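S.K.: Encoded as structure tokens, here's the structure I'll be asking about.
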Amino acid sequence: MSIRLPFIKNKQKTSNDKQMEMETENIPNHVAIIMDGNGRWAKKRALPRIAGHKEGVNSVVKVVRAAYKSNIKVLTLYAFSTENWKRPKPEIEYLMKLPKEFLHIHLPELMEKNVRIQTIGDFESLPTHTKKAVQYAIDKTKGNDGLLLNFALNYGSRDEIMQAIKQIMTDIDGSKLSIDSLDEQIFSKYLYTQGLSDPDLLIRTSGEQRLSNFLLWQLAYTEFWFTDVLWPDFSEEVFQEAIQEYQQRQRRYGGI
Ligand code: FPP
């Protein structure tokens, strides 16, 4: 026996449809994260600071998977700042090994997920072994066009702006650029983030509410979201909480 289903002309949206719409509407294109609190996480457990960084790598894995699932286009992670060189040598050495360790294990998954890896910051001044591992991943993933995983490595925004100014002056001197043509768009092309859209959402963990020399130019109209969660405790749920709050925000860019 065949059952004839009634023809539904204007199908009413079910709560499931609405839920799906809510989940996919107004997703940020570019999310940037200041991953903070590794040291405090370790201290709370009477562990050395590097144990916090080690656990922090697991949170990197979680957030990359969550960003991939949410169809985020760019994920920028602040992994090492130009000021982090002030830390004790063993901690710096450990932090410099992390990209290699992470990529050694996770590059196959990143390839499978069509993730492209890129960095911003003073790449040349990184230790050779770090550069080699990261450059290998950049080259290997350069044909991928899914999520762009952008590591801020030896990155400082003031340093970035200073080097941009110096290059602009050199180009003006060499008649490659005229002062009259210099505007915000051209200036942006001299930054490490050239070609990238500005972050839509900035997340900082660990309860601190400051920028710490991160993307000062690029964050001009970014929505900020702070959480007390320490970076090693970060999870897909916390990431989704940030995204959901972003989805409710109204961005006016100075307009009304
Ligand atoms: C800040 O926390 C964290 C860092 C300076 C390092 C962040 C690095 C990672 C999370 C791992 C990066 C992973 C890859 C794959 C590159 P803190 O040490 O300042 O914490 P505290 O303020 O509690 O001391």
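Keep in mind that glycine also has a Cβ here, set from the backbone N, Cα and C atoms.
As annotated in TrEMBL:
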type	residues	note
BINDING	ASP36, GLU223	Mg(2+) binding site
ACT_SITE	ASP36	active site
BINDING	37-41, ARG49, HIS53, 81-83, TRP85, ARG87, ARG204, 210-212	substrate binding site
ACT_SITE	ASN84	active site, proton acceptor
S.K.: Do you know which of the binding-site residues GLY37, GLY39, THR82, TRP85, ARG204, LEU211 end up with C-beta under 6 Å from ligand 1?
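M.R.: What lies within reach of ligand 1, judged by Cβ under 6 Å, is GLY37, GLY39.
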S.K.: My understanding is the cutoff is Cβ-Cβ under 8 Å with a sequence separation of 6 or more in the same chain; which residues meet that for GLY37 (substrate binding site)?
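M.R.: Correct list: GLY52, THR205, SER206, GLY207, VAL229, LEU230, TRP231, PRO232, ASP233.
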S.K.: Quick check for the class: what is the C-alpha distance, in angstrom and rounded, between ARG204 (substrate binding site) and ASN84 (active site, proton acceptor)?
M.R.: 17
S.K.: Can you tell me the CA-to-CA distance separating GLU223 (Mg(2+) binding site) and GLY39 (substrate binding site), as a whole number of Å?
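M.R.: Rounded to the nearest whole number, the Cα-Cα distance is 26 Å.
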S.K.: Taking DSSP as the reference, which of helix, strand or coil describes THR82 (substrate binding site)?
M.R.: coil
S.K.: Can you check which residue among the binding-site residues ASP36, GLU223 has the largest number of Cβ atoms within 10 Å of its own?
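M.R.: When each Cβ's neighbours within 10 Å are tallied, ASP36 leads.
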